[in-house]
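Q: Pasting a structure here, questions to come.
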Amino acid sequence: MAKGFYISKPVGILAILLGVAAVCTIIALSVVYSQEKNRSTESSTAASTAAPTGPTTTVATTLDQSKPWNVYRLPKTLIPDSYNVTLRPYLTPNNKGLYVFTGTNIVRFTCKESTNIVIIHSKRLNYTSHQGHMVALSGVGGFHPQPVIVRTELVELTEYLVVHLQEPLVAGRQYEMNSEFQGELADDLAGFYRSEYMENGVKKVLATTHMQATEARKSFPCFDEPAMKATFNITIIHPNNLVALSNMLPRGPSVPFGEDPTWKVTEFETTPIMSTYLLAYIVSEFSYVETRAPSGVLIRIWARPSAINQGHGDYALKVTGPILDFFSQHYDTPYPLNKSDQIALPDFNAGAMENWGLVTYRESALLYDRQSSSSGNQERVVTVIAHELAHQWFGNLVTLEWWNDLWLNEGFASYVEYLGADFAEPTWNLKDLMVLNDVYRVMAVDALASSHPLSTPASEINTPAQISEVFDSISYSKGASVLRMLSNFLTEDLFKMGIASYLHTYKYGNTIYLNLWEHLQQVVDKQPTIKLPDTVSAIMDRWILQMGFPVITVDTQTGTISQQHFLLDPQSVVTRPSQFNYLWIVPISSVRSGSPQAHYWLPGVEKAQNDLFKTTANDWVLLNLNVTGYYLVNYDNENWKKIQTQLQTDLSVIPVINRAQVIHDAFNLASAQKVPVTLALNNTLFLIQETEYMPWQAALSSLSYFKLMFDRSEVYGPMKRYLKKQVTPLFNHFERVTKNWTDHPQTLMDQYSEINAVSTACSYGVPECEKLAATLFAQWKKNPQNNPIHPNLRSTVYCNAIAQGGEEEWNFVWEQFLKAELVNEADKLRGALACSNQVWILNRFLSYTLDPNLIRKQDVTSTLSSISSNVVGQTLVWDFVQSNWKKLFQDYGTGSFSFSNLIQAVTRRFSTEFELQQLEQFKKNNMDTGFGSATRALEQALEKTKANLKWVKENKDVVLRWFTENS
């Protein structure tokens with residue numbers, strides 16, 4: 001699944017400051033072009049009830065662990081072999097106003113250990129009685145006696161259908177369970193659900209799926225665990241005018257449905273052996289564009305007919321073939337299927353989902369329009385496609401054994417998405433962006449005492465809610481970061497060879513992370529060049545089995561190098577033990593005054609010494625070249641001063657990525673009280689002559705924390721003046737490069753730098769920027785059919801107009817939002833609507849999030865996050881969340897990956913005793929309701945608030961003085 005959109009999957013690929021000066025208030029709205037990894041698993045809840053009163057009952061039990069149906073993991077007694085599933089979705093409501101689907105399922109399974117209980121997952125399905133029971137059971141091959149059912153029951157808490165038998169099943173024999181059922185085709189974005197959209201003023205309804213991680217059971221009864229692989233024969237009964245899609249191609253043309261000639265039946269080819277969470281089927285009237293890869297694989301891009309007719313699927317079609325071919329070569333394994341369908345859905349909770357052969361996307365992650373999509377939108381499309389196609393091998397062909405190793409699936413895809421996208425767009429330098437989008441992004445979370453290791457014991461991940469929590473930035477971005485580090489010190493060639501060996505060995509099977517280490521070790525052992533200080537397993541286990549990461553400290557006077565577990569709050573208490581005592585085996589690259597040095601390994605000890613890190617009076621050293629290692633670097637004060645001098649005299653001597661590193665690391669070290677905050681601020685002085693994107697983005701991301709802490713205090717005035725001074729040369733640079741904004745930069749990085757220049761200049765009151773934005777918006781408002789604003793600058797211009805305007809400007813943008821046909825444009829407009837500095841307008845906007853006809857369910861949490869990023873809106877959203885917590889939790893709390901992002905967003909300004917007390921009271925008040933997938937985020941918010949409170953008390957005066965002196 002794609003990184004959340006992360007909206008998260010903020011989280012993001014491109015963070016753009018959208019804040020703009022208003023008459024009394026400067027509002028900066030962060031808009032994140034990101035691959036949000038929203039999730040859609042749900043946990044069930046049930047009260048205890050009495051024992052069953054009849055042969056077939058629906059019962060919710062207490063968790064008496066001696067009963068196998070009260071254990072969340074399936075017993076190993078039965079293993080599925082195949083499913084024959086027929087489903088019929090009704091896309092008009094019944095006489096009760098409900099949308100439903102009906103279905104039948106025949107699951108064949110093998111008995112591995114004799115048992116008199118059949119346990120299979122089932123969620124919110126109503127069964128048609130078979131001789132008084134919910135299912136029928138028979139032996140395969142006609143052996144006797146046939147199984148006799150005593151009773152069947154549904155266990156709501158563990159989401160099981162339980163079949164109690166008179167006699168045990170026989171080990172080694174196959175059985176078939178037959179069921180007929182009905183479920184609701186709800187609009188909850190989970191399992192088999194419905195999506196709605198408007199086409200030419202007419203409401204259209206489609207049926208689609210999202211199974212990961214525990215929602216296949218909501219569509220039909222199944223053994224819903226990733227290691228319970230089987231083959232699937234899917235048949236869909238659907239209206240004549242609609243098309244049905246699934247993981248495989250149809251066996252042949254659709255045939256009339258005998259009971260009703262207005263319906264037809266589409267039967268699909270048998271799937272390879274696969275996991276339930278990768279199943280997909282869709283019924284819609286969508287159109288497509290198609291091509292064939294050189295290998296012969298059929299490639300189709302599906303979307304609303306109007307989107308296809310306008311060419312919005314063409315870019316995805318263009319890059320899919322090259323990316324598939326790249327991964328076939330990269331993995332040394334052919335694409336396993338004969339077709340690759342990708343479909344853009346109007347309602348989709350995740351950024352995308354890697355269903356085998358039928359990948360589902362948010363529209364913003366698949367559709368691109370040259371006229372109205374920004375460079376960030378285009379980058380998102382190619383990287384999300386690469387992420388999902390990477391999964392077709394790593395995740396689908398070879399699958400994790402259990403969700404505790406989710407990082408192996410998602411971390412790998414989050415790393416190689418940059419490789420696949422770079423192959424499709426080789427001039428964009430996309431691989432460099434991983435440092436900003438993943439490494440630095442996840443360090444902010446991994447530096448908390450409440451973080452968690454990449455891999456945890458399987459016994460700690462059981463319930464659907466626990467599984468949902470694993471879908472976080474640690475699994476995605478830290479997983480990607482440490483795999484990138486591993487690939488770097490092994491070399492990419494050895495890494496690829498190990499991956500290919502791993503895939504060849506375990507194809508159609510399941511693995512744990514140790515299997516990957518074994519195959520990488522095998523390729524290391526077969527060559528003489530790369531020498532490691534220990535085995536791959538010994539090195540990497542320290543990075544995945546203990547949380548956090550080290551800060552490497554260098555004393556250039558003595559050449560001493562040391563490591564320490566880095567914590568943003570040095571007073572926080574780490575309660576999670578580590579078998580490695582929070583020491584890592586660290587690969588260290590370095591340069592001396594611009595010249596590369598030999599590679600060095602810091603073994604799993606606290607301190608070592610090497611002359612590589614010892615300097616003379618005129619030398620400086622810089623560690624972690626291009627940030628290939630997952631760690632921070634600190635230096636003695638003298639070396640820091642030399643680096644600062646180098647940056648202010650000739651910054652080109654230090655690579656671009658490391659110019660970003662110097663800024664990022666220093667601000668984090670200052671937060672942890674390892675360097676003075678003035679040192680970190682001094683590292684931004686060179687920006688007055690910097691035009692590259694990455695250093696500026698690192699600075700803006702770091703200084704955004706200062707803004708959050710101080711935009712309600714007297715510090716903000718001098719801070720605004722300083723940033724205005726620093727960004728003005730960058731704004732003037734792009735004014736010249738673009739010939740007074742009549743042209744646009746050629747390279748992607750320069751385009752991103754231009755976006756930062758304009759958004760930051762407008763945010764901090766550069767008059768020329770404000771005039772530019774106002775002029776462009778006025779031209780558009782005068783002629784709405786002809787938008788003169790370049791897509792790259794629209795978010796900034798829209799936000800500026802809303803912040804400086806009133807109800808008229810807000811209503812105009814709202815009208816354009818309602819009319820927007822391309823979701824990328826709608827997202828820009830929706831984000832800008834949060835920029836208002838008028839409380840009543842923001843409260844009205846908040847109320848719209850409760851109406852799915854105004855704000856789609858998939859967009860609610862991101863809309864709330866956008867409003868909370870506005871200094872005026874933050875308190876409003878916090879009050880809104882507290883007042884509406886039960887409804888928000890009911891709608892999004894049990895599965896949505898973005899739900900945890902909402903908690904993070906609404907609390908990120910918290911830095912006072914009162915706000916800490918409010919947060920603690922909020923936790924206390926809602927213990928009965930619960931926090932679902934935001935449980936860990938709430939604990940992290942409490943930890944961050946305490947750290948913020950302490951940091952502001954200690955640094956406010958010195959920061960005020962520094963900005964005053966340097967502005």
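Along the chain as shown, residues are numbered 1 onward.
Glycine is treated like the rest: Cβ placed from N, Cα and C.
According to Swiss-Prot, the feature Zn(2+) binding site maps to H387, H391, E410, an assignment based on sequence analysis. Annotation comment: Swiss-Prot describes N38, N84, N126, N233, N338, N626, N682, N740 as N-linked glycosylation site, evidence class sequence analysis. The feature sulfotyrosine is assigned by Swiss-Prot to Y175, Y418, with sequence analysis given as support. Swiss-Prot lists 33-66 with the feature region 'Cytosolic Ser/Thr-rich junction'. Annotation comment: Swiss-Prot describes 67-967 as region 'Metalloprotease'. Among the features that Swiss-Prot reports, transmembrane segment is placed at 9-32, with the record citing sequence analysis.
Buried or exposed, and what's around them? Tell me for each listed feature.
A: Its own atom aside, the Cβ of H387 (Zn(2+) binding site) has 32 Cβ atoms within 10 angstroms in the protein chains shown.
Sequence-distant neighbours of N84 (N-linked glycosylation site): residues of the same chain at least 6 apart with a C-beta under 8 Å from its C-beta are N105, I106, V107, N233, T235.
Following the DSSP three-state reduction, the secondary structure of N126 (N-linked glycosylation site) is strand.
Counting every protein chain shown, the Cβ of N233 (N-linked glycosylation site) has 18 other Cβ atoms within 10 Å. DSSP assigns N233 (N-linked glycosylation site) to a strand in the three-state reduction.
The DSSP secondary structure for N338 (N-linked glycosylation site) is coil.
Taken residue by residue with DSSP, N626 (N-linked glycosylation site) is part of a helix. Non-local contacts of N626 (N-linked glycosylation site) by the CB criterion (under 8 A, 6+ apart in sequence, same chain) comprise D432, V435, S589, P655, I657, N658.
Look at N682 (N-linked glycosylation site): DSSP puts it in a helix.
Proximity of N740 (N-linked glycosylation site) to non-local residues of its own chain (separation of 6 or more, Cβ distance below 8 Å) is seen for none. Reduced to three states, the DSSP call for N740 (N-linked glycosylation site) is coil.
Secondary structure at Y175 (sulfotyrosine), taken from DSSP and collapsed to helix, strand or coil, is strand.
Sequence-distant contacts of Y418 (sulfotyrosine), defined as residues of its own chain at least six apart whose C-beta falls under 8 angstroms from its C-beta, comprise T383, A386, L430, K431, L433, M434.
Each residue in the region 'Cytosolic Ser/Thr-rich junction' (33-66) has a pLDDT score, and their mean in this model is 39.
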Q: If one looks at the chain holding N682 (N-linked glycosylation site), which residues at least 6 apart in sequence have a CB under 8 angstroms from its CB?
A: Q644
Q: In this structure, which of the recorded positions N338, H391 has the fewest other Cβ atoms within 10 Å of its Cβ?
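A: Selected from the recorded positions N338, H391 on minimum Cβ neighbours within 10 Å: N338.
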Q: Would you identify which of the recorded positions N126, Y175, E410 has the most other C-beta atoms lying within 10 angstroms of its C-beta?
A: E410
Q: Spatially, and counting Cα to Cα, which of the recorded positions is closest to E410 (Zn(2+) binding site)? Options: N126, Y175, N338.
A: N338
Q: Which whole-number value in Å describes the distance between the Cα atoms of Y175 (sulfotyrosine) and H387 (Zn(2+) binding site)?
A: 38
Q: Using the recorded Zn(2+) site (H387, H391, E410) as reference, state which further residues of the same chain have their Cβ within 8 Å of the centre of those residues' Cβ atoms, listed in sequence order.
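A: So the extra residues in range turn out to be M1, A2, E354, E388, A390, F394, G395, N409, F412, A413, S414, E417.
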Q: Roughly how many Å separate the Cα of H391 (Zn(2+) binding site) from that of N126 (N-linked glycosylation site), to the nearest whole number?
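A: Taking the Cα atoms only, H391 (Zn(2+) binding site) lies 34 Å from N126 (N-linked glycosylation site).
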Q: In angstrom units, rounded to an integer, how far apart are the Cα atoms of N338 (N-linked glycosylation site) and H387 (Zn(2+) binding site)?
A: 19
Q: Fill in the CA-CA distance, N126 (N-linked glycosylation site) to H387 (Zn(2+) binding site), as an integer in Å.
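A: So the alpha carbons of N126 (N-linked glycosylation site) and H387 (Zn(2+) binding site) sit roughly 37 Å from each other.
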